[in-house]
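To keep things clear, I will list the structure first and then write my remarks on it.
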Amino acid sequence: MHLLIPAAGSGKRMGSGHNKLLLNVLGQPLLSWTVQAALASQSIEWIGIMGQPYDFPAFEALLTPLHSPKPVQLIVGGDTRQQSVFNGIQALPPGAKFVLIHDGARCLATPDLFDRCTEALQHCQGLIAAMPVKDTIKIVNADGWITDTPDRQGLWGAQTPQGFDVALLKACHDKGKQEGWEVTDDAALLEKCGQPVKIVPGEDTNLKITTPVDLAIAEFILGQRSAKSA
């Protein structure tokens with residue numbers, strides 16, 4: 001399985017002023033934890049990391065001590081996640097049939113989640129890891145008034161990895177560029193193209209590290225895991 005990791009974010013909501021994936025988490029850059037989980041996966045054979053060239057020296061520095069037995073390629077990302085993934089697709093090795101896409105900021109994903117998504121992708125053309133929402137969701141208008149309360153039973157919170165047939169994903173990205181679609185994940189492109197996307201149960205701990213509170217939670221969970229494996 002081939003894996004693409006968008007890692008070109010600026011970390012504005014983290015208040016760091018630079019790429020949040022380079023923030024220190026228990027002595028290692030956040031991105032390092034994400035890559036280590038992918039390397040520990042039995043199914044991942046190749047990894048592409050999309051980022052900005054000025055971050056490449058830092059990426060190379062965090063990759064060196066990992067001594068990856070699998071190829072890891074740095075790919076120039078775009079101004080948006082959608083553009084970065086498009087660039088990553090173009091850089092896939094010839095013959096790549098399927099691809100997983102995983103947010104660099106989801107450093108708590110386990111190797112098992114990558115492997116379960118890989119297995120599920122053998123039986124569909126598109127999937128996402130997701131979890132049923134636990135909170136009641138309110139739809140609110142621009143003035144702050146609740147307009148609806150959707151049935152929670154049918155609501156799932158999207159995570160990554162998301163997995164796709166490469167040829168289909170390329171076609172949907174091309175269609176998106178032609179139509180000017182702007183989406184926040186690749187599953188939405190398939191949806192707009194009328195293609196079905198399957199849900200694979202994600203993980204409660206698979207948080208996207210976006211705020212300082214998220215970072216503190218990640219440090220706690222990774223610390224607990226490290227203690228158990230010691």
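Just so it is clear, glycine is given a Cβ too, placed from its N, Cα and C backbone atoms.
Feature annotation from Swiss-Prot assigns site 'Transition state stabilizer' to Arg13, Lys20; the stated evidence is sequence analysis. For Arg152, Lys208, the entry in Swiss-Prot reads site 'Positions MEP for the nucleophilic attack'.
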Assigned element (helix, strand, coil) containing Lys208 (site 'Positions MEP for the nucleophilic attack'), judged by DSSP: coil
Lys20, Arg152 as recorded sites, winner by CB count within 10 A: Lys20
Integer Cα-Cα distance in angstrom, Lys208 (site 'Positions MEP for the nucleophilic attack') to Lys20 (site 'Transition state stabilizer'): 11
